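K.L.:
OK, Swiss-Prot features for this one:
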TOPO_DOM  1-54  topological domain 'Extracellular'
CARBOHYD  Asn29  N-linked glycosylation site
CARBOHYD  Asn33  N-linked glycosylation site
TRANSMEM  55-77  transmembrane segment
TOPO_DOM  78-87  topological domain 'Cytoplasmic'
TRANSMEM  88-113  transmembrane segment
TOPO_DOM  114-124  topological domain 'Extracellular'
DISULFID  Cys123-Cys199  disulfide bond
TRANSMEM  125-146  transmembrane segment
TOPO_DOM  147-167  topological domain 'Cytoplasmic'
TRANSMEM  168-186  transmembrane segment
TOPO_DOM  187-209  topological domain 'Extracellular'
TRANSMEM  210-232  transmembrane segment
TOPO_DOM  233-259  topological domain 'Cytoplasmic'
TRANSMEM  260-285  transmembrane segment
TOPO_DOM  286-299  topological domain 'Extracellular'
TRANSMEM  300-320  transmembrane segment
TOPO_DOM  321-384  topological domain 'Cytoplasmic'
Amino acid sequence: MALSPEPSSRFLVPATMGSAMPELPGAPNASLNSSLASPTEPNSLEDLVATGTIGVVLSAMGVVGMAGNVYTLTVMCRFLHTSASMYVYVINLALADLLYLLSIPFIVATYVTKRWHFGDVGCRVLFSLDFLTMHASIFTLTLMSRERYAAVVRPLDTVQRSKGYRKVLALGTWLLALLLALPMMLAIRLVRRGHKSLCLPAWGQRTHRAYLTLLFGTSIVGPGVVIGLLYVRLARAYWLSQRSSFTQTRRLPNPRVLYLILGIVLLFWACFLPFWLWQLLAQYRGAPPLAPRSARIVNYLTTCLTYGNSCVNPFLYTLLTKNYRDYRQRSLHSRGTSGPVGVRSFPQGHTRCQLGSGRSVTSSSQQATETIALSQAVPGSLCV
């Protein structure tokens, strides 16, 4: 999140390649410290151009991203009365993006003035905010992928889950993200180094390296493995449904919804993986053999990529929810009129599924449209 001439984008890193002061690797925003020790003269033309360019780019991203996420939150709040999980999760994602983008003015102000103006509290809040929002986003995306998977292979379980259950899960993502960000919030502190103020963690470099490695696992590796497995199994379910000779019509979820969720996940990885590799390279291999100017450019690019993710996401959220609403409306319409082969229509507002064991489940149409009656995935079930 912060800017630095060293190989660090948002985390505190050991000062290298011309930095005037030693710094521990640290938290999101940490490169704000390094920006106070630019490898170019503070008033040089190169420094002014770099400062102006990055300030304009980040400010533009902030304005576009904040407007988009506020719009998304406004629209999604209108649908909170429904039982659809998608709306709860999109609100979670937009809120995380908005909180992350709100840090841009602090970064730009610090980089332009070469001074830290926000005290010890500012250090603790801004340096831990990245970890919090990063994890809240990827945990929510993992929940969304799990929900879509369950809608295909366990549709009746999905029907029976209430809106309150999904809100608890959404809240749980924030609590878990806060737990992971808490060590940085407690360890970071404002330190005077000569005439400058720096935000530095109180622990040593080994501890910090272990902490960053843990966060890389919880924000990239772990969720990546889970989401990858879910989509492999979803692809297998689709493949089996296409090859099946079963004559009863099966209602599969809108592939566009699944593709858009996967697209949001891939965008997250594309924007954050370079940043993480840049950080971990500095932790485990030391300063890369780059000139100060080159390291500064890489730092700018990785920083802009992470903010670019939150800037572009609202457009994907809009497409996602539009396709999801269209799918729900088509599902409700088809069930209320003719109904698919082998499925008997019921009065508007209810569907009834009979299990092979003789048990039955009745649910509201709002919840029913959330699920997929995939006979191949749920042996022994038949919608009547």
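Glycine too: its Cβ is placed from the backbone N, Cα and C atoms.
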K.L.:
Determine which residues of the chain contact the transmembrane segment (88-113) at the Cβ level, with the cut-off under 8 Å and only residues 6 or more beyond its ends counted.
P.N.:
1-3, 29, 32, 35-36, 51, 54-55, 58-59, 61-62, 65-66, 69-70, 72-73, 76-77, 80, 122, 126, 129-130, 132-134, 136-137, 140-141, 143-144, 147, 163, 166-167, 170, 173-174, 264, 307, 309-311, 313-314, 317, 320-321
K.L.:
Per DSSP, how many helix, strand and coil residues does the topological domain 'Extracellular' (187-209) have?
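P.N.:
Per-class counts: 6 helix, 12 strand, 5 coil.
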K.L.:
At a C-beta cut-off of under 8 Å, are there same-chain residues at least 6 beyond the transmembrane segment (210-232) that contact it? List them, or none.
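P.N.:
That would be 11, 25, 131, 134-135, 138-139, 141-142, 145-146, 148-149, 180, 183-184, 203, 258, 262, 265, 269, 272-273, 276, 279-280, 283.
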K.L.:
Applying a 10 Å Cβ distance cut-off over all chains shown, what neighbour count does Cys123 (disulfide bond) have?
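P.N.:
The answer is 28 other Cβ atoms.
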K.L.:
Where DSSP helix means H, G or I and strand means E or B, what are the helix, strand and coil counts for the topological domain 'Extracellular' (114-124)?
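P.N.:
When I sort the residues of the topological domain 'Extracellular' (114-124) into the three classes, I find 6 helix, 0 strand, 5 coil.
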K.L.:
As a quick check of your reading of DSSP, tell me how many residues in the topological domain 'Extracellular' (286-299) are helical, how many are strand and how many are coil.
P.N.:
8 helix, 0 strand, 6 coil
